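Quick look at what Swiss-Prot annotates:
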- 456-561: domain 'Cadherin 5' (DOMAIN)
- 568-671: domain 'Cadherin 6' (DOMAIN)
- ASN418: N-linked glycosylation site (CARBOHYD)
- ASN436: N-linked glycosylation site (CARBOHYD)
- ASN567: N-linked glycosylation site (CARBOHYD)
- 691-711: transmembrane segment (TRANSMEM)
Amino acid sequence: MEPAGERFPEQRQVLILLLLLEVTLAGWEPRRYSVMEETERGSFVANLANDLGLGVGELAERGARVVSEDNEQGLQLDLQTGQLILNEKLDREKLCGPTEPCIMHFQVLLKKPLEVIRAELLVTDINDHSPEFPEREITLKIPETSSLGTVFPLKKARDLDVGSNNVQNYNISPNSHFHVSTRTRGDGRKYPELVLDTELDREEQAELRLTLTAVDGGSPPRSGTVQILILVLDANDNAPEFAQALYEVQVPENSPVGSLVVKVSARDLDTGTNGEISYSLYYSSEEINKPFELSSLSGEIRLIKKLDFETMSSYDLDIEASDGGGLSGKCSVSVKVLDVNDNFPELSISSLTSPIPENSPETEVALFRIRDRDSGENGKMICSIQDDVPFKLKPSVENFYRLVTEGALDRETRAEYNITITITDLGTPRLKTQHNITVLVSDVNDNAPAFTQTSYTLFVRENNSPALHIGSVSATDRDSGTNAQVTYSLLPPQDPHLPLASLVSINTDNGHLFALRSLDYEALQAFEFHVGATDRGSPALSSEALVRVLVLDANDNSPFVLYPLQNGSAPCTELVPRAAEPGYVVTKVVAVDGDSGQNAWLSYQLLKATEPGLFGVWAHNGEVRTARLLSERDVAKHRLVVLVKDNGEPPRSATATLQVLLVDGFSQPYLPLPEAAPAQAQADSLTVYLVVALASVSSLFLFSVLLFVAVRLCRRSRAASVGRYSVPEGPFPGHRVDVSGTGTLSQSYQYEVCLTGGSESNDFKFLKPIFPNIVSQDSRRKSEFLE
């Protein structure tokens, strides 16, 4: 319980002011219906569909329900016909007791939109109970000296029916001394009084027996009887007389058992036994008498049972004081029960919707009614929910409330809400009731799948096996159920020339990517595409991510020697003057490698030589140089084998064979002579050949210059279509050579006289210029560089 002085925070609180509600609804008259009690179950009461102006189908569509006080199911609404029928046989006396009229309050609830229609069912009384006296016989002691017209109160009969069906009249069997007078109390109840018509004489007749009959006003009337035994006494001049004819007292309903309610007091002027007074409850129903106990000696009335204001708010007791001589007096005690705040507020749920979709603002979650059985301030209530939930309360009529969502919910943020509805009355001390409602939030497909990365980079080494798993993409969906089930797909590539469908595939369930065929770094070094992730919601949502596939180079290409030409014909002969200094550049071996990175780093070394130590090869650039001074003792013809090796793992290599001819000077070169020719013939032939060669070289030199200019201009337009071999990235190691064409032969064009040692005709062969920077990416194009 909360203290009386507690201030309520300004939260979602709705103050239920009953008086204000009554004023608001004062002009809203409820619909009234009536039915007789004891009507059989299933009987027709009214056609609600017609009364409300609704079609029969609308009642079912709007979820029509009948809600009565205390959730009693006395009425039932047939949604198919719109008829209101009895769900059970009604007993007016059980429902309302002596209260008249007997009205059952109920409401008709309609949804979409919410509408509460108040209605009342009047249960009319039928005459199904006969009057009953509390005792079978009433004994009266009347002094023989009683004067004519003396009135003697009689115990009244009890009839559970009300109105005209209750007791309307009393009569007595014919006799010569008494008649019965029927009186009406302020509350409308009738009671009998016996009136003395003629004097009594004890000596003549000591006792009389009469029959008192109570008759109700029903049709047909019912009656009940009791025997009256009149004992004629000797004279007792004074009857007991109460100090007050009416005692009015107020008792709080929480008074403890045994507490004093009131003390009545009467006096008798007689003496002896005629003056001894005893008190008794004259007549009241068992329901009225049950909470009280009257002391016959002291007149004290005490509680023997706790009172309940909500069950019965007042009691009327009739007290009789009798003396020893048979005379008696009567008074009334009116006990008004004062209400205290002893009832906690009550809440009853009429409808509850759970789960609710997450994207549905202003959705009705629950419809409930509150009440407090106390009265006044004790019955006023405050209804609220906690602040940290996106819900609010909307008051309706007849203490009904709607719990609705305050805005759109987000299941991904919170999927379940525990809402505590707190009802606090304004009594002292304040009492409160809390009711917990669990609301589940159902998922709506409002979240698209999200990839764990906006882009993925995958590395695949070339020459892979088909169906190789090269990587995975992953996306998650914050929704649940089928809305969170993600399927993956390949999106059409932006490059229309990329054959994506033949390169990779994706597992639609888990996002695994597979290479469909073996990749070739030299043909395709990298490609990119987009993958999509789509959920199974309705409508489906999707997202995409970029995937880059980088093909890693493998050392699958051997070095290719561009110069000297290795085409299976006799190797060209390099001419070296014998006067050449050490370090003289004889020629340069030019080679390329189709791989990239360190797989394309080339190194050169002299593998074989006719005379070791005479020539050397620079490992960096493939230049063949003289290692020392030449002498006359050195043979004229030398054969060199140069090894070109890359830096791959395992390394690949190629060889180049060089023929070197030592001559005394370019004007009189030494030529290898055929072994079978005579010396004179060789000398004559050599002279002729040299003359022809010099003339030819001069002419061809001019022609070659012109041809070179034309070829350069022509090949510039074709340079874009000619592939280039990859060159290594980063710092180039000291012992490797870059084959990008920056060597000594890259900017020069050599025209050399090649002599075939085995030819008797000693023909000259002319080599066209070599362009080492323009290379081919396949074996077919490699041959095009040497015409």
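Each Cβ is built from the backbone N, Cα and C atoms, and glycine gets one as well.
Taking DSSP states H, G and I as helix and E and B as strand, the domain 'Cadherin 6' (568-671) has 4 helix, 48 strand, 52 coil.
Look at ASN418 (N-linked glycosylation site): DSSP puts it in a strand. ASN436 (N-linked glycosylation site) falls within a strand segment according to DSSP.
Helix, strand and coil counts from DSSP across the domain 'Cadherin 5' (456-561) read 8 helix, 48 strand, 50 coil.
When pLDDT is averaged over the domain 'Cadherin 5' (456-561), the result is 93.
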